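Here is what TrEMBL says about this protein:
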type: DOMAIN; residues: 55-134; note: domain 'Thyroglobulin type-1'
type: SIGNAL; residues: 1-18; note: signal peptide
type: TRANSMEM; residues: 261-285; note: transmembrane segment
Amino acid sequence: MKTLVLLLIVAFAAGASAQCRCETMKWATCDGTPCNCFLLVGKGERQNLDCTKLIPKCFLMQAEMYRARKGQSTRTIGGKPVETAIVDNDGIYDPDCEANGLFKAKQCNGTEECWCVNSAGVRRTDKGDKNLKCEELVETHWVRLQLKHNQTTADVDPAKLKTAIADAIQDRYQLDKNFVKEIQYDKDARMIVVDVKKEIGDRQADLTRMAYYMEKDIKALPLFKDTTKFEPTVAGQKLQLEEILVYYVDEKAPTFTMKRLTGGVIAVIVVVSLAVIAGLVVLFLSRKRDRARYEKTQQRELEEVQHALS
Ligand SMILES: *[C@@H]1O[C@H](CO)[C@@H](O)[C@H](O)[C@H]1NC(C)=O
Ligand SMILES: *[C@@H]1O[C@H](CO)[C@@H](O)[C@H](O)[C@H]1NC(C)=O
């Protein structure tokens, strides 16, 4: 009898501890009743987590920095829905977070060199010294996910793609599928472009966590405890994704200066300037022609009047 009770207790304890874990963050340490989970971040501080939701990206980056210092994990990414869209080319840094997990608007990576970031923690200004002013944290209200899927046995039906992707995003990343606004599909390139947008001014929905978790899933570095993949099912066929590129569009355009402009952007400016000059020339010539025609008409009318008079 005693053994049975003991066995029951052990079984119960095992059951309880199996419950105490963090589904949304595999590096979390969980303990106690009620279950409490935390993450080691930055230089080894504990950050408490709400494991019922995706973990704020700022905390995740801090944890990655902590792990990088200990010799684990890295990341890289590299594309544009609108001219003002930006990508994260800086790579990992040790971010300063607000208590609620938002990024602080100004980031310095523990150095004297600082810059301003958007709500995804992506740099949106030139780098400056530590006196740099970042007035506010500018919200990213649109993310474009550029995905490439693996070879499939059957053709992918583009008409079914939007629902499939939106459902998969909602299931895995807890983001309402209605934020998935548009999907474009290039069959030959096996490329799917997904636009996820929220209203300007919306501070409830967070697109940046979803984008970060997805990026990690596709790069085979999942942040979730479970090891399942992000695999949208289109007409019964699972789509395996092998590449991702994320573009961030902020409520306010970023403020990189000319000296940082890339060749591509300069080319666009040159083309636009040429177009404007060409437009001015056409306008000038057509005005000249109009005037000439007007003068000729006047001349003719004058002659007609003279003719009538004579
Ligand atoms: C931040 O600092 C780390 C070293 O602590 C460095 O490896 C990394 O490149 C820096 N990141 C940026 C964006 O400056
Ligand atoms: C997708 O294809 C690449 C090579 O084209 C392969 O290395 C990778 O394992 C494939 N991914 C999956 C999930 O099948």
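Counting starts with 1 at the first residue shown.
Cβ atoms here come from the backbone N, Cα and C positions, even for glycine.
Taken as a whole, the domain 'Thyroglobulin type-1' (55-134) shows an average pLDDT of 85 in this prediction. Sorting the domain 'Thyroglobulin type-1' (55-134) by DSSP state (H, G, I as helix; E, B as strand; all else coil) yields 13 helix, 13 strand, 54 coil.
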